[in-house]
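Visitor: This is the structure I want to talk about, given as structure tokens.
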């Protein structure tokens, strides 16, 4: 099928729209806590296993590499008894259903209250499924659009960031006020959709004459979906929507989400094959910053300084962002926000997270292609923004503004890291490498969420007779978060100067391609 990579992109977008319910944890965290009799530290421990599951996707990367032929001239579906990428999606769908379904059984009392460790396993399994979908969709996108990897990753990560708000919108329409049923919906809906669409996703790296224009079209849809969701969330929290209004709003959302298909079909009818042009993977291959055409595997990447610089950046940056979203309900309660306001912030987190994910890829692509500016510099700017967001929460107690800044910056890191990884280590083992770097996220989340926020909050609550209200409940925690992100700025600047020569060469090659 001519331009079938655009159809593959549409299928990946739709899967991404439903495979990120980990960002909706705040919707059911209260019922999980009350039904199981957890204190705050225990709930944070369970949420950390969610972060471990979404971040430690090494198995997903290994499975992708084993079943998919990563040569750009072939389709992954040619291996593993004809299943190829479908094996990756099948593994994700099984874990998705099993994890959330077992949690639903536990919360509703059908399954006898499990030990905390077993509940952590349920949460891990449900969240771990996300890495299988995300890895396949991102690596395919980078291979299909090698000249605009930042934009393509930004689109995929952006829709993943929006998935929480999309699923919450569906929840409010059909199951509002029944968060336990939301768990059942999460068990069934994302897994079913991925099984329906998985056969459409494949690698087709042949160039088209308007790759940038097609990606811009998908980007406009993503921005429209984000704006629509933001308006819907604001109005739903300002006014009491009747059931018909919720249904109408959700129907409009589904029309917007389906519009990428029109872009792909129109492009297929109008496209003319252009002269072939590829952008080969380049890496900084030595301490002297010599540039070579090399594809690294995970073991080779782990032995480089650049890998560990990215690891530390994600440890503090994403770790503090995850700690914020995991505790946003409890922080809001301590600061006397209403339940409606807290639920709105949980829903809007996905919108701001999308802006960061999409913007990080799109803007870094623009500055790389126009000025040769290395992407790691944008990590430094992102970390600086996180410092500001943490200080606003910790010193002013303004969770609304602080959470907006933190979520945008948190999302930006999620799109910048995979793109930088593909550029300095190559695409062939990209799935395994990005998920190995992702191990930093749950480590950071555990240290900052359980070891910092959870323990400090519980001590303050104990001193206050079982509850804690006021800015002092989280002030020290967020000052520590800000300090960690300052260190992240310094680390990202080191990565920027180490890869400066590589990005300059990429810029020069891009100029030559344009001249030709």
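Backbone N, Cα and C atoms are what each Cβ position is placed from, and that goes for glycine too.
TrEMBL: automatically predicted annotations, no manual curation.
Pasting the feature list from TrEMBL:
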- 8-264: domain 'Nodulin-like' (DOMAIN)
- 302-505: domain 'NFD4 C-terminal' (DOMAIN)
- 87-110: transmembrane segment (TRANSMEM)
- 116-142: transmembrane segment (TRANSMEM)
- 154-175: transmembrane segment (TRANSMEM)
- 181-203: transmembrane segment (TRANSMEM)
- 215-235: transmembrane segment (TRANSMEM)
- 241-261: transmembrane segment (TRANSMEM)
- 305-325: transmembrane segment (TRANSMEM)
- 337-355: transmembrane segment (TRANSMEM)
- 376-393: transmembrane segment (TRANSMEM)
- 399-420: transmembrane segment (TRANSMEM)
- 432-457: transmembrane segment (TRANSMEM)
- 469-497: transmembrane segment (TRANSMEM)
Visitor: Go through the chain and flag residues at least 6 beyond the ends of the transmembrane segment (469-497) whose CB is under 8 A from any CB in it; none is fine as an answer.
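Guide: Contacts of the transmembrane segment (469-497) (Cβ under 8 Å, skipping residues fewer than 6 from its ends): 306, 309-310, 312-313, 316-317, 319-320, 323, 327, 331, 334-336, 374, 376-377, 379-380, 383-384, 386-387, 390-391, 393-397, 448, 452-453, 456-457, 460-461.
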Visitor: What average pLDDT is reported by the model for the domain 'NFD4 C-terminal' (302-505)?
Guide: 87
Visitor: Is it the case that the transmembrane segment (87-110) and the transmembrane segment (215-235) touch, counting contact as three or more CB pairs under 8 Å in which the residues of each pair are 6 or more positions apart?
Guide: no
Visitor: Hey, would you say the transmembrane segment (181-203) packs against the transmembrane segment (376-393), going by three or more CB pairs under 8 A that are 6+ residues apart?
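Guide: They are not in contact.
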Visitor: Taking residues 6+ outside the transmembrane segment (376-393), which of them lie with a CB under 8 Å of any CB in it?
Guide: 313, 316-317, 320-321, 324, 331, 356, 360, 363-364, 367, 399, 401-406, 408-410, 412-413, 416-417, 420, 474, 478-479, 481-482, 485-486, 488-489, 492-493, 495-496, 499
Visitor: For the transmembrane segment (215-235), find every same-chain residue at least 6 residues outside the stretch whose CB is under 8 Å from a CB in it, and list them.
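Guide: For the transmembrane segment (215-235), the far contacts come to 9, 13, 145, 148, 151-152, 154-155, 158-159, 162, 165-166, 169, 241, 249, 252-253, 256-257, 259-260, 263, 267, 344, 347-348, 350-351, 354-355, 358, 362.
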Visitor: For the transmembrane segment (337-355), what are the same-chain contacts with Cβ under 8 Å, counting residues 6+ beyond its ends?
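Guide: For the transmembrane segment (337-355), the nonlocal Cβ contacts are 20, 23-24, 26-27, 158-159, 161-166, 168-169, 222, 226, 229-230, 233-234, 237, 325, 328-329, 399-400, 403-404, 407-408, 410-411, 414.
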